[in-house]
């Protein structure tokens, strides 16, 4: 999602628009590639930049977000940048406290437990103004990118955010959040509505200028619905077979994905083979290469580079044949 509250005129001209053209279904010379969580702890320079600051303080510093967004682009010939931020800035803007606990992840000291807890939440219409720092980071990054590649913005979906707010952190079962769905359907609807009303102006604030990407983790049961929801791009996780996905969604949307992130633990040679297979399965057009989820902190940057290079190399060869 390309963004800027100032109108698009003030930005450097885009030099590499391969990612956007693939998203729009236009022909490209090679398959564009980027990685979820490409600005992250697997990079030593990321750990150095982040070391001095609390996680959410970093999120609130446009300068720091810009630096972290640009770091992977200095190392790898990626076809898109994704702004450094976090999905939980939205619950924060709604008035909930969130801390990042080292080794554990995000934690809500006071999660939503009862229906009446919804009264603690701020009016969702103020969220976009509370998140001005994200828009500043996007604007600054667009300028510093100098048109190298497009910039992607993002937000967490209402259900994902509800799960965190009710569970108080990450959860493998989401049992507390699902309990709300069954025991408090009305309050659940109310909470999802509050989140939706907060997210729409937040995403509009990030200003949609071209590519709209939806990525639904474990969303394989609803591929057809996702493909018809009005998005140009549907992201797939690694549990979905590319050929089957293409059969199910047709040629009207661009698919993105979907190498298992753990494949990057393999040798560089094997990564090349896995990439080749993935590109063959997705086909050359209407496709953006990515992992099926985010990079893990203990991954070797050299292997991330091998993944990016393999996509560019094999996709050019595919088109020649």
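Cβ coordinates are placed from backbone N, Cα and C, and glycine is handled just like the others.
Feature list (source: TrEMBL):
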DOMAIN    32-41  domain 'Uroporphyrinogen decarboxylase (URO-D)'
DOMAIN    152-168  domain 'Uroporphyrinogen decarboxylase (URO-D)'
Intrachain neighbours beyond the domain 'Uroporphyrinogen decarboxylase (URO-D)' (32-41), with Cβ under 8 angstroms and 6 or more residues off its ends:
18-19, 22, 47, 50, 68-69, 71-72, 76, 78-82, 84, 152, 215, 288-291, 293-295, 297, 304, 307-308, 311-312
Per DSSP, how many helix, strand and coil residues does the domain 'Uroporphyrinogen decarboxylase (URO-D)' (32-41) have?
0 helix, 1 strand, 9 coil
